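Here is the structure we will look at.
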Amino acid sequence: MQRINLGEFEELVLLIVAILNDNAYGISVMEEIEVQTERKINISAVHSALDRLESKGFLKSEVGGATNERGGRRKRFFTVTVAGNKALNFVREQRNRLHEQIPNIDFGLNQYASI
Amino acid sequence: MPQFDHHPPRWALWFLQLYCKPRVREIIEGDAYELFYKRVETDGLKVAKRKFGWDVLRFFRPKYIKGLEDINSLNNIAMFKNYFKISVRSLVRQKFFSIINISGLSLGLAACLLIMLYITNELSYDNFHKDVDRVYRIANNQSGQYTPARLGAQSKMDFPEIEEVVRLSGPYDQTFKVNNQIFKEQEGFSADSTFHKIFTVKFVEGNPDKALTEPNSIVLTEGLASKLFPKQEAYGQLVTVNGNSLKVTGVVADPPKNTHFHYNFIESFPHESWITVGNWTGNNFFTYAKLVAGATPESVEAKYPDFVAKYVGPDLVKYTGHTNYEEYLAEGGRQGTFTLKPMKDLHLYYPHMALGSQGNINNVYIFSAVAVFILLIASINFMNLSTARSAARSKEVGMRKVLGSRRNQLVYQFLVESMMISVLAMILSMGLASIVLGGFNELANRNFSYTDLLAPSTLLLLFSLVLVVGLLAGSYPAFYLSGFNPLRALKGENKAGGGNVFLRKGLVAFQFAISIFLIISTMIVFSQLRFMGQQKLGFQPEQIMVVKNTGLLREKLSAFKNQLLQKPNIESLTLTNQYVSSSIADWGYSTMEDNPRHFNLMNMFTTDDFLETMGLQLVEGRFYSNELASDSAVAVINESAKKELGFENVIGKKVSRGDGEDYTIIGVVKDFNYESLKRSIEPLILRRMFEDGRMEADWYGGNYLSLKVTGNFGETVKQVESEWNAMVQDEPFDFVFLDDSFNSLYEEERRFGKLFTVSSGLAIAIACLGLFALAAFTLERRRKEIAVRKVIGASVKSLTMLVVSDFTKLVAIGSLIAIPTGYWIMQDWLATFAYQININNPLLFLIPVILVTVIAWLTVGFQSVKTATSNPVKALRSE
């Protein structure tokens, strides 16, 4: 079986970058995660995940223009690569397949399910 | 104010700039700024600033830190894991070598650990006292321990450098009576009330400033307080001493063990003139002074000669009969002064001034030398075995090199291995040390406990020692093995120890040298001890029993004596103020001539039966008699004193103590040893003691009753004890036989001898372990050679000799080093004895050499014979 090396947080970040489409950079990813999952995270954790995903080839980045709200500093925009798309699809399919195999749980009555 | 006019904390920006890689800095900074401006809006400036700082700190990760690009971080740890694994495997594969290596090293380390414990303890003496660097003991002249009563107070008055002084006297034994119970306690002192200002004492109860101000006050240590007053508070209670009541005015914590001045109780001085006023000529006190901060002892010492001229001079002049101090000096009188000895040096450098602690800087040196020797031998074993094993591992080294190991990686590997062995040995040595701790305490005359052994400072020392040993012992094999040419190593061409045979043999020879040296020292120490034990003292010490504290009998003394004389086992008895072999004081005497000459003679008061009881012979004249009333101002001297005085005809000559106290010499007694045999027989003067113990005027001092006993000693002791108990209630019976008393004078030497025995035994044991393994290894290497020789026709005998003679040469080289060193060092040691053995006796040196040779032969020979008798076919077929 093909193995996709994608951690839980990495998967989340990858998904968010995909959602944000052309506007994915450190802050926007962090804020989107906060909005979508109500998780409080530090910006450095986001950076670290983005960097890892880039080194794995799931993301690519380019530097955008400078803006005033960043004290004249440029943004680094991320976009999902083909490999990243494949990885997302793979993980999703795998999850779906697994979900579908869960039998109808009948708590307490089915002696095998309770294990 | 728009949010963009605010600024994030400067330090955070600076810190980011400091650590962050320039490539990512802009992006991180940008994000941080963006967050900052948003937070200024929502959370306020203060929170935003704080969070900005926190963000920057969170970005401090290896990924973003400058200069960390080149570290291939995980690889090293993996390699170290591999080194460990290989080390464990090679240790387990060669069990025999590993066991010898580890056990030898742990023996050495255990010895070192104990000795380190001893040395650190010796060096820690008195350091717990506050301002110990400013506390000095005042010595009379260069090293006299007793000083005049007035010295302290006058010095403090005259010299601004001196902050505080205290006088002490002691240590003495005291018998306490508490609630009709008798306690005989040792280590008592009397002290001035300033005691606690010089010595650090922790008062559990009582006021330190007032505890010793009143006469008849006593301060007890907690230990003694709970003994005298179990289950009640000692503070404020009364104890009875010689009929006087003393009030307990303080209870202090027991003093630590590492002090030169160990006390159980401190009494105050009585308010009598000899204390409060005192004089300048009687030296009865120990004086300690604390200098003000910044004052040097030299500045005080420089002032003492004038001080002596001013205060002591007038008294001296009166005593010697000169008109003034200048004239006294001009006529050869000794100029007196006082010197300051640092208190923390008393224990090791001035043991005769230390109040009861038995330290000696030489012991520290000797113990250190022994530790170094033993550790050296163990390390040499370690090095030798590791290098000897190199052949077995040369293929491994070659393989690693071919696979791309750098040389320093190989060095690391072998160092890791040697460190592992040392750490294993360290753990073992801790166990060994705790097993032999009791024996060591006896050897070092100290009292260490397991907690001392496990103290963090000791463990830290041990661990650093292990690091050093591991690195030192491991470095040679490491560098040697890692230097192999990989191609030759893989082809098996690296002959075991090709180039290092010389070094290895040199190290073995050096081990032999150390062992032989230690055995020589042991033999000489014990011969000297035996020699002293057999030396004729001039009387029969085993027949003389001394009953102590007879001064307490007072008016019952004559009754006691009469009772004893009726016993059939007691031939005669004599009363004295000191007893032979105890410390006898010297008194100054002058001759009665136009130019009086001054002598210091050992002075002893005895009753007229002294000669008979001790079994001494008279050479000239007669002994004094208590029957003759005219014999009040007479004295008897020994032959040495006659020589010292230098009179042709000494009988009838007079010696003077000054002030009209003149004594006529009426007899000369044959020289006898009344002191340790370390000293030659010194001039002695015997003065008459009255039957009731009176020495001069109304001064009583008949403290010791010597009995000449025959028959069953144990029975006699019982008889005397029952007489004593019938007459004395408050004092336990105390006695000593003179041969025991003399023997106890050589306690230090006996310990010295034991130390050498133990250390030479240890050295030989460790060296033998190494030798055994080395021989096994050598034979393993030469198995084929021996087999071939045997096939061609060599006999078992000649084959054994082949190997054994190799090692015999090494013993010979070792003894060439050891004999001169031993001769030179032990001659130095013997020089401290007045009566010494003849060190030029060749047996003293031959026996150790022969002993070591035989041990070496046994170690090596056993294996050689085994190899030589084995079937040569087996050795030759194995290829």
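Cβ coordinates are placed from backbone N, Cα and C, and glycine is handled just like the others.
All TrEMBL annotations are machine predictions without curation.
Residues or ranges marked as domain 'MacB-like periplasmic core' in TrEMBL: B:98-303 (among others).
Feature annotation from TrEMBL assigns domain 'ABC3 transporter permease C-terminal' to B:369-486 (among others).
In the predicted model, residues of the domain 'MacB-like periplasmic core' (B:513-672) average a pLDDT of 85. The domain 'MacB-like periplasmic core' annotation in TrEMBL covers B:513-672 (among others).
Helix first, then strand, then coil: DSSP counts for the domain 'ABC3 transporter permease C-terminal' (B:759-872) stand at 96 helix, 0 strand, 18 coil. Taken from TrEMBL, the feature domain 'ABC3 transporter permease C-terminal' covers B:759-872 (among others).
Annotation comment: TrEMBL describes B:96-119 (among others) as transmembrane segment.
What TrEMBL lists as transmembrane segment is B:364-385 (among others).
For B:410-440 (among others), the entry in TrEMBL reads transmembrane segment.
Annotation source TrEMBL lists transmembrane segment at B:460-481 (among others).
With a cut-off of 8 Å between Cβ atoms, the residues of this chain six or more beyond the transmembrane segment (B:502-526) that come close are 373, 376-377, 380-381, 383-384, 387-388, 749, 752-753, 756-757, 759-760, 763-764, 767, 770-771, 774, 807, 810-811, 813-815, 817-819, 821-823, 825-826, 829-830, 837, 839, 844-845, 847-849, 851-852, 856. The transmembrane segment annotation in TrEMBL covers B:502-526 (among others).
Residues or ranges marked as transmembrane segment in TrEMBL: B:755-779 (among others). Away from its own ends, the transmembrane segment (B:755-779) comes close to residues 96-97, 100-101, 103-104, 107-108, 111, 366-367, 370, 373-374, 377-378, 380-381, 384-385, 388-389, 439, 443, 496, 504, 508, 511-512, 514-515, 518-519, 521-522, 525-526, 786, 803, 806-807, 852, 855-856, 859-860, 863-864, 867 of its chain (Cβ-Cβ under 8 Å, at least six residues beyond either end).
The transmembrane segment feature in TrEMBL is assigned to B:799-823 (among others).
TrEMBL lists B:843-862 (among others) with the feature transmembrane segment.
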Considering pairs 6 or more residues apart, do the transmembrane segment (B:96-119) and the transmembrane segment (B:843-862) have at least three CB pairs under 8 Å?
no
Grab the same-chain neighbours of the transmembrane segment (B:460-481) for me: Cβ-Cβ under 8 Å, and only residues 6 or more beyond its ends, written as numbers and ranges.
105, 109, 112-113, 116, 120, 375, 378-379, 382-383, 386-387, 390, 393-394, 397, 410-411, 413-415, 417-419, 421-423, 425-426, 429-430, 500
